[in-house]
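Enquirer: Annotations for this protein, taken from Swiss-Prot, read as follows:
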BINDING   Asp65, His152, Glu513  substrate binding site
REGION    430-512  region 'Thiamine pyrophosphate binding'
BINDING   Asp480, Asn507, Gly509  Mg(2+) binding site
Amino acid sequence: MDTKIGAIDTCKPTTGDIGSPPSNAVATIQDSAPITTTSESTLGRHLSRRLVQAGVTDVFSVPGDFNLTLLDHLIAEPELNNIGCCNELNAGYAADGYARSRGVGACVVTFTVGGLSVLNAIAGAYSENLPVICIVGGPNSNDFGTNRILHHTIGLPDFSQELRCFQTVTCYQAVVNNLEDAHEQIDKAIATALKESKPVYISISCNLAATPHPTFARDPVPFDLTPRMSNTMGLEAAVEATLEFLNKAVKPVMVGGPKLRVAKASEAFLELADASGYPLAVMPSTKGLVPENHPHFIGTYWGAVSTPFCSEIVESADAYIFAGPIFNDYSSVGYSLLLKKEKAIIVHPDRVVVANGPTFGCVLMSDFFRELAKRVKRNETAYENYERIFVPEGKPLKCKPGEPLRVNAMFQHIQKMLSSETAVIAETGDSWFNCQKLKLPKGCGYEFQMQYGSIGWSVGATLGYAQATPEKRVLSFIGDGSFQVTAQDISTMIRNGQKAIIFLINNGGYTIEVEIHDGPYNVIKNWNYTGLVDAIHNGEGKCWTTKVRYEEELVEAIKTATTEKKDSLCFIEVIVHKDDTSKELLEWGSRVSAANGRPPNPQ
């Protein structure tokens, strides 16, 4: 957008000579013409333009009386598309999935009843370091501080409960209830989300969205962020200390962590991998951020449930570089990783810790890796060790005709579907482990929610990711228990012409909970899942459903979904035995159960 600075034309001299007095020889100072406010000069218009400039072209919304006027202004922006969702939780999950692809997402809900419904999704985005802009239509600005009791509140004159909840799961909160500083509040909120890679909360009073104001009268200066820079001396000191440590090591390795995304350092990480010759592994939540066709890629490091032979190489190394790791009870398999801090170089997005010793701050991850790549001594010892012990993975037995389908046989066929034109969304549960074993072709997307692990996340995330990346076909793997939490927004996928392939794995319960701690509460009511989706479809839009029980039926379903139904949303219910789980889930579940069951420390 062009930026117009001031009413310059109104200040020109009345003669043609620059700097000369007017022809009547009396010099006068003329005021700039007053700014005229129009329907273009509104808060809603400013917010919509800012969203587009930040990279958002779709917002996920649920209407409510406090946000209706704001939604009018958002849909009036020609470059912004409104995606109406069935509930606020899914709108938040969709913004999460969208941010994973686009780098930023946005959702719009109404005050408190909508805000507290979307809160769980925003907490998940916070845990996963995703910049999601959560916009809430708030009460009329005249109601603040009046002791009035409003609807959509808990019935107290103080209606700040929503704000206080969001303060714990967002990095910035803007309550816009006057127009004087609204411009600054909105800009600061969006800038903070992008800088911190965390969600922000913006509440906009319902009577302000359409109100013209001089601060919005001109197109804003195009949105931009000042690039962050490393401290030169700190960078040099960090590189020197790291080189001294690495050059003494015999068999160093590299492990990519999920904060590679936050730091935007995947390319720099690969530059170091190319230069060093070290084996290259990823933590489970990093899958998809590092190309698996790299010549030194050895798989997923996940402790006892790692890719075969990966943990042996990582845990036997005498030096490991971890790039943006997150160590929690899930990623550490119940705190059972065999790692030593004194062997680790931990590279955070903005600091480096060398061998549990000195910390070097104000050092950006990408700068650090690029500088290290220029000077590191090549050492392929650990990768050579990997090649010596590596044995190709066996293939599962093929199902006999009429034999019930096994999950491991199913994923052999899923592997053949993957390409640079697909993306994988893995729901919390056994899909985590089965999808981790897929070998991703270059350019194939991959997402799952490792830190927060909220079941049902994948339905909304599939909606958002597919909307952000229409050129890819999303393959989504969802358990029946998870699907029952958020099933409604299949409707939104159909409504918006999406063409994802959803594999609903029906094993009759919450399988991941079964393997941690079993009980009757983990058994769920079986649904007619294809019948449900057919009812949601209701003949409007393109949708195809099928049930499969045998391998030959799965092969036929995949063929149909990828040929004659390639332009439709495809829903494939895969019916498997309730005890058909991956060996990795069995191992992981027992270790997490042991961690959960630790007795209290003695007092």
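Note: Cβ is positioned from N, Cα and C throughout, glycine not excepted.
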Enquirer: Which chain-mates of Asn507 (Mg(2+) binding site) that are at least 6 residues away have a CB under 8 A from its CB, listed by sequence?
Expert: Gly479, Asp480, Val576, His577, Lys578, Asp580
Enquirer: Quick one, of the binding-site residues Asp65, Asp480, Glu513, which Cβ has the fewest other Cβ within 10 Å?
Expert: Asp65
Enquirer: Does anything in the same chain, at least 6 positions from Gly509 (Mg(2+) binding site), have a Cβ under 8 Å from its Cβ, and if so what?
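Expert: Once residues fewer than 6 apart are set aside, Gly509 (Mg(2+) binding site) is near Asp480, Gly481, Asn522, Val523, Ile524, Lys578.
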Enquirer: Within the region 'Thiamine pyrophosphate binding' (430-512) only, compute the mean pLDDT.
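Expert: The average pLDDT of the model in the region 'Thiamine pyrophosphate binding' (430-512) works out to 96.
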Enquirer: DSSP secondary structure for Gly509 (Mg(2+) binding site), reduced to helix/strand/coil, please.
Expert: strand
Enquirer: Within 10 Å of the Cβ of His152 (substrate binding site), how many other Cβ atoms are there?
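Expert: His152 (substrate binding site): 19 neighbouring Cβ atoms within 10 Å.
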